[in-house]
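What TrEMBL says about this one:
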- 241-343: domain 'HTH araC/xylS-type' (DOMAIN)
- 6-25: transmembrane segment (TRANSMEM)
- 34-53: transmembrane segment (TRANSMEM)
- 65-87: transmembrane segment (TRANSMEM)
- 94-113: transmembrane segment (TRANSMEM)
- 119-139: transmembrane segment (TRANSMEM)
- 160-177: transmembrane segment (TRANSMEM)
- 189-212: transmembrane segment (TRANSMEM)
Amino acid sequence: MALINDVGKIIVFLFLLLSIFLITAKSERKLPNYLFAAFLLISVVDLSGFFIAAPDHRVILGFKLASILLQMPLYYLYVNAACYYNFTLRRKHLLHGIPFLVFFGLFGMAGSSEPLDKIFDIVSTIQYYYYIIAVFWVLRTFRKLYQENYSSNHQLTYKWLLQTTILFLIGNFFVLLRDFVEQNDAVFMYLYTFSSLFVLFVICWFVLNALYRPNLLAGIDKDLVPVLPADGPKEKPQELKTLMHFMETTKPYLDDKLTLQKLAEQTLLPEKQLSQLINQQTGKHFFDFINEFRINDAKILLRSQPQLTVLEILYEVGFNSKSSFYTAFKKETGVTPTDYRKSIV
């Protein structure tokens with residue numbers, strides 16, 4: 001039990017430290033930091049049960065127990081803020097706090113009891129998986145939007161948030177498993193300690209990634225809508241020829257911040273029409289369509305400019321990170337840029 005208490009104290013201390021850092025850190029987009037700091041602080045209230053006895057005061061006890069119902073709403077709002085640069089908190093978001101307020105009132109008035117605890121367990125479990133599904137839906141929509149509208153690498157944001165959500169699911173599995181073996185003290189303590197350390201690892205990994213890779217929080221426009229298939233005829237060979245000629249002669253893809261909106265302005269085509277033209281005539285999203293031109297230029301430079309490093313080439317052709325360049329290059333050619341260069345020597 002002493003080990004669990006010590007682990008709990010370490011986790012709470014680090015969570016408090018990380019929360020303070022997130023709140024005070026200089027950042028162009030503060031809302032994601034504030035929301036994740038709030039998530040950590042609410043988690044501290046929950047995790048304090050490791051080493052602090054249940055309070056006698058009903059209101060304090062009610063807040064401590066019901067605070068669990070704030071964790072997933074805060075994480076859900078954080079994911080939205082991380083994905084969309086123009087996401088803002090509005091009055092409607094207060095609705096996410098209704099389950100917390102209901103159980104805070106119930107625990108505050110009646111205290112903890114077996115019937116109420118069972119209802120709370122059911123509600124908190126349903127809420128947890130509801131928000132997990134909601135987060136996956138947000139990420140799915142985000143992925144579709146950035147592929148259709150952006151050429152820069154928002155894929156890193158998607159992968160990072162997806163991995164974190166999956167890690168949260170794994171952590172929750174250990175918590176559920178822990179509840180099934182609570183009668184066996186040795187196994188229970190082992191799982192309690194392991195799940196606590198796992199949570200600590202996930203949060204530290206999460207925050208360190210956010211700090212050392214600020215481009216993860218670049219975000220996209222939340223007001224974009226997925227492009228729907230057109231009802232009219234799909235054969236537009238002349239429009240496609242015009243677009244391809246423009247791409248090959250003007251090379252707009254060399255702009256690492258090129259978006260569908262920018263390309264539409266340059267080609268004098270409506271955004272929706274341009275997106276449908278790319279989707280239907282090439283079978284690619286805007287993201288992959290632009291990267292194909294960048295990769296073709298990169299292949300030429302890899303063959304003809306041996307004095308240039310791979311890093312110099314990726315920036316030259318319009319990529320803004322090594323990981324996105326390697327991912328796109330291997331997707332297009334089946335090999336890494338380094339292996340491609342070796343194969344032509």
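The backbone N, Cα and C atoms fix where each Cβ goes, glycine too.
Counting Cβ pairs under 8 Å to the transmembrane segment (94-113), the top-ranked stretch among 65-87, 119-139, 160-177, 189-212 is 65-87. By the Cβ criterion (under 8 Å, sequence separation of 6 or more), the transmembrane segment (189-212) is not in contact with the transmembrane segment (65-87), since fewer than 3 such pairs are found. Counting Cβ pairs under 8 Å to the transmembrane segment (119-139), the top-ranked stretch among 6-25, 65-87, 160-177 is 65-87. Sequence-distant contacts of the transmembrane segment (65-87) (same chain, at least 6 residues past either end, Cβ-Cβ under 8 Å): 29, 31-32, 35-36, 38-39, 42-43, 45-46, 93, 96-97, 99-101, 103-104, 107, 112, 120, 123-124, 127-128, 130-132, 134-135, 138-139, 142, 157, 161, 165, 168, 216-223.
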